[in-house]
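Engineer: There's a structure below that I have some questions on.
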């Protein structure tokens, strides 16, 4: 199989689809890998590293897309749509429930698109999303602490406080991978941390994990309002695989927050959980202020720590990439049900229910679309 690794063009996206070691594994399995010039430079992998791993370095963006399978990090941008072709396997993060134009382009060009974030194991865990959820969660507490500083628009609060001064209050909505990792860092900074989740069993697990050092609260509209308005930092970390994020925090709740408080919307790439995160921001211009509250809505948070993120992502995605390359997508889907759940579009059909519902499109199951 011929595989392409393009350079990411999203604002300040410095990750790359595969590390040199990942490329080497594919080449050793008999595949041809084309890597776009400087694709790995943001993660401090040089072209020579990829060449030594067996890749062919190509300068033309069109050439790296003229392959059997493209492995990326983030969803293609509009300038990349012309490279779509029937039968192309696209393996990347897609978050299509918030990307109607991209979804339509994939359907129109009959692309076989496999989204990292919807590959799901029998225990409902998301193996290709988890590493980036860990990174984004940990970053969210660090970023929140940074933007609480007065010089960054915040109210000038130190999350850990000092003796005789209250700690900063951090509320995390969602107790999954991202929320749990946000809590780890916020606790490490010395903050007063509350996690809200809809699953009582998960709250019990979190209470055990943190030894009672975090407040665990059932998530419902009344509790969300109560804790949001008294918080210095609110982190949104709710995920419904493949579907748009629910708008759990209303504009009225935001209006009740203190001036200079901060919200971090980790779920912004799926539409966000705050009614007031009505636009996606970038690492170049990460925040805006609305109702006196600092809003951080960067959709590719892990892109700011690309070396760590690329290596973590490569560890998770490579076994699936090898499976797709070695077996072909049909046999790979037949033999690995979790991977088949990653299929979002197939030759003109939407094969993810959450995406189909988001845009009122016709849904076909993977088995029906592929006649498995």
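Each residue, glycine too, has its Cβ placed from N, Cα and C.
So Swiss-Prot has the following annotated:
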- 95: active site (ACT_SITE)
- 169-199: NAD(+) binding site (BINDING)
Engineer: In the three-state scheme derived from DSSP, which category covers residue 185 (NAD(+) binding site)?
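Structural biologist: The residue in question, residue 185 (NAD(+) binding site), is helix (DSSP, three-state).
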Engineer: Between the Cα atoms of residue 169 (NAD(+) binding site) and the residue listed as 'active site', what distance do you get, rounded to the nearest Å?
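Structural biologist: That comes out at 31 Å between the alpha carbons.
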Engineer: Counting every protein chain present, what is the number of Cβ atoms, excluding its own, within 10 Å of the Cβ of residue 181 (NAD(+) binding site)?
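Structural biologist: Its Cβ shell of radius 10 Å holds 23 other Cβ atoms.
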Engineer: Counting all other Cβ atoms within 10 Å across every protein chain shown, which of the binding-site residues 185, 189, 193 scores highest?
Structural biologist: 193
Engineer: How would DSSP class the residue listed as 'active site' in three states?
Structural biologist: coil
Engineer: Validating a neighbour-count step here. Other CB atoms within 10 A of the CB of residue 173 (NAD(+) binding site): how many?
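Structural biologist: Around residue 173 (NAD(+) binding site), other Cβ atoms within 10 Å: 29.
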Engineer: Non-local Cβ contacts of the residue listed as 'active site' (under 8 Å, 6 or more apart, same chain)?
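Structural biologist: Once residues fewer than 6 apart are set aside, the residue listed as 'active site' is near 75, 115, 117, 269, 270.
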Engineer: With DSSP assignments reduced to helix, strand and coil, which class does residue 173 (NAD(+) binding site) get?
Structural biologist: strand
Engineer: Tally every other Cβ atom lying within 10 Å of the Cβ atom of residue 177 (NAD(+) binding site).
Structural biologist: 21
Engineer: Any idea what DSSP makes of residue 197 (NAD(+) binding site), helix, strand or coil?
Structural biologist: strand
